Amino acid sequence: MKIHLSTLDPAQLETDALIVLAIDGGDKDNNKPQLQAKSDAFAKAAADLIASKEITGKLLEIATLHKPEGVKAKRLIVVGVGKAKSFTSYELRKAAGAAVRALKKSVKSAAIVAPENWGGAADPSTTSTLMFERGGLPEAVKAIAEGAVVANPDYNYYHSDRKTYELDELTILVPANGHANDLEAAMKEGHVIGESQNFTRDLVNEPGNRMTPTILGQRAKKMAEEVGIQCDVYSTDFLHEKKMGAFWSVSQGSEEPPALIVMKYEPAGAPQSPVLGLVGKGITFDTGGISIKPADGMEKMKYDMAGGAAMIGAMRAIALLKPNVRVIGVVCAAENMPSGKAQKPGDVQIAMSGKSIEIINTDAEGRLVLADGLHYAKQLGATHLIDAATLTGACMVALGGINAGVFANDEDYFNRFAEALKKSGEKMWRLPIDDDYKELIKSPIADIKNTGGRYGGAITAAMFLKEFVGETPWIHLDIAGVAWQEEAVPFLAKGPSGIAVRSIIELVQSFG
């Protein structure tokens with residue numbers, strides 16, 4: 001999708017579709033929805049829809065007016081953004097996405113009026129100037145670009161009769177306020193982030209026979225060449241050389257070799273510290289190994305590499321946005337398969353750190369590859385770590401399909417990430433990693449075991465990872481419940497969500 005900015009009068013713009021936002025006026029009869037754009041032409045064109053309550057301004061409600069009087073656009077699309085007091089870039093991103101998905105089967109280009117203020121009445125609860133997290137109109141433009149780009153694709157690539165419906169071009173209409181450079185930069189940033197999230201989604205969507213560890217490494221290397229960062233991909237011999245026994249143990253049952261993907265973004269002039277280490281679980285297909293999963297739903301285990309894909313997508317955006325901070329990306333890719341060579345429950349593996357691990361359940365494999373990945377990122381110089389993984393079904397049970405789980409061992413680092421979350425619009429919820437939980441992963445025959453029993457599974461998995469980060473500030477994202485969109489929603493297709501890409505980018509930018 002191409003995105004442009006324009007300062008033309010929206011009512012005078014000739015376009016297939018013009019998108020205007022509406023604020024929810026409330027439930028009382030006299031609280032009419034307010035169109036975002038201050039225009040007599042829009043007000044007149046939408047008067048009948050407002051009178052008939054086809055437009056209320058409720059979040060994601062969409063009404064269409066064909067051949068609107070006084071407006072040169074062929075159709076006027078009014079999208080609700082909810083109440084003014086709760087309207088942030090989170091709602092705006094959704095609204096832009098919903099408009100794109102509603103239009104993309106019928107038009108190839110559209111325009112949207114960026115919110116500046118609601119104007120008019122004195123009541124700040126209904127007509128307040130929009131207070132976005134990073135300051136007004138630029139944040140709005142960025143959110144529109146992100147939401148529109150992410151909403152555009154559908155994931156039916158392997159239909160033999162596939163028809164592609166995508167919006168080719170979007171114009172964001174902004175006032176001529178003398179801040180053109182800021183708005184252009186915000187638009188480009190949103191476009192890069194949205195495209196990088198879609199890059200991640202493309203990786204996650206591929207079936208296991210078309211996304212092996214080797215292929216994932218090839219895709220990462222190709223991306224790195226395109227954006228100008230270093231990427232090295234290592235396999236079995238390197239894992240043995242580095243004594244990555246935990247990582248190797250997961251891959252040993254598969255005919256497909258593992259891939260350790262190492263990406264480096266090192267801008268000239270960046271300080272030697274901090275160095276951010278992004279570590280992702282890249283299990284390209286997870287049968288569970290000898291502790292095999294039920295057949296029902298196993299096809300979805302192609303997305304068990306969503307954490308690794310998120311790190312690859314984030315590194316793409318980082319390279320293009322060029323923050324002044326060093327970043328290392330480490331993705332541990334493998335298949336978890338049963339065979340005569342596969343690891344067994346009761347085996348003891350030695351991690352790169354030297355810790356011994358009793359294998360209780362071979363389906364608790366993600367934490368094994370991350371254990372070596374986190375330790376290796378530290379060896380490469382990372383001063384701050386963040387990992388992402390579709391790690392536990394327990395996190396899905398606890399938080400459902402709405403929030404990812406967040407764990408952190410450092411309050412300052414977590415607070416920085418919490419601010420990044422607000423800016424990204426991604427939904428995550430912090431869970432505890434108290435030392436009391438450590439008892440649950442103790443083993444009588446090894447330093448630790450790879451599962452902690454029935455209860456608190458997401459927490460005990462995080463406690464396991466904590467054993468491999470030491471005192472390094474670290475954040476763990478358990479994205480198991482939110483990496484895959486089970487059903488389409490107005491602003492997002494069914495399929496991979498690309499979760500964690502935006503928040504990780506915001507975190508990195510906060511350092512540089």
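Backbone N, Cα and C atoms are what each Cβ position is placed from, and that goes for glycine too.
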Additional site residue, Asp286, Asp436, Asp447 [criterion: listed by Swiss-Prot with Asp363, Glu365 for Mn(2+) 1]: Asp286
According to Swiss-Prot, which candidate in Asp296, Asp304, Asp347 joins Lys281, Asp286, Glu365 at the Mn(2+) 2 site: Asp304
Site of maximum Cβ density within 10 Å, from binding-site residues Asp286, Asp304, Asp363, Glu365: Glu365
Most crowded position, judged by CB atoms within 10 A, among Lys293, Arg367 as active-site residues: Arg367
Lys281 (Mn(2+) 2 binding site): nearby recorded positions from Lys293, Asp363, Arg367, Cα cut-off 10 Å: Arg367
Non-site residues, in chain order, whose CB comes within 8 A of the mean position of the CB atoms of Asp286, Asp363, Glu365 at Mn(2+) 1: Val250, Ile283, Thr287, Gly288, Gly289, Ser291, Lys293, Asp304, Asn336, Thr362, Ala364, Gly366
Which recorded positions sit within 10 Å of Asp363 (Mn(2+) 1 binding site) - Cα, from Asp286, Lys293, Asp304: Asp286, Lys293
